[in-house]
Amino acid sequence: MAVAGGGGGSSASCAPSARGLERPDPLARLTCPVCLEVFDSPVRVPCGHVFCTPCLQECLKLKKPVCGVCRSALAPETTCNGCNKKMFLSKMRSHAASCSKYQNYIMEGVKAVTKEPLHNTRNFPNRFTFPCPYCSEKNFDQEGLVEHCKTLHSMDAKQVVCPICASMPWGDPNYRSANFMEHLQRRHRFSYDTFVDYDADEDDMMAQVLMRSLRDK
């Protein structure tokens, strides 16, 4: 995952992108605060924030490493929450992939989340097809909506509600993206069906994404 850098070709930085200072996106829990992309090999640091492994490595290059979000001291070593073994942060992901105690720790957290009973299917929002928020043409799948907007509405500056986000359990149907085209290409280049259990809350969803990342190593 590319790391956001400074202007003029300067070296990479572990500081959050300026875009991260805007109103939080409903999908921010799946996005690295440094490169603003969907997590690539996510690692959670002791203060609780999560970064792509390449972005975290940039933070650790500093003389006095700090978290790229809260600026708290970032020790190069961490402790596995499963087996309590200490190791360098850069080694944590490979360790977690093979540590059965850590995987049990993650799964216990997932199981501890209280899930609401199933609702009547008639109340389920449509998460398979979406209307264009600019011209109201309907029945696009996610990839089709992205291509339609890139082809016909790339220069449209009107603030609109993202129909994909609005259909999600955590989505705000009244939130209008300041730059919908950038949002669309940054957030919706993958299918949520690959990552998301729609009956889960955000904490449960985040745990599942991290777990799947470890398994896909």
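A Cβ is built for glycine as well, from the same backbone N, Cα and C atoms used for every other residue.
Note that this is a predicted model, so its numbers are computed, not measured.
Taken from TrEMBL, the feature domain 'RING-type' covers 32-71. Look at TrEMBL and you will find 80-99 tagged as domain 'C2HC RNF-type'.
Per-residue confidence over the domain 'RING-type' (32-71) averages 79 (mean pLDDT, predicted model). Residues of the domain 'C2HC RNF-type' (80-99) grouped by DSSP class, helix first, strand second and coil last, total 10 helix, 3 strand, 7 coil.
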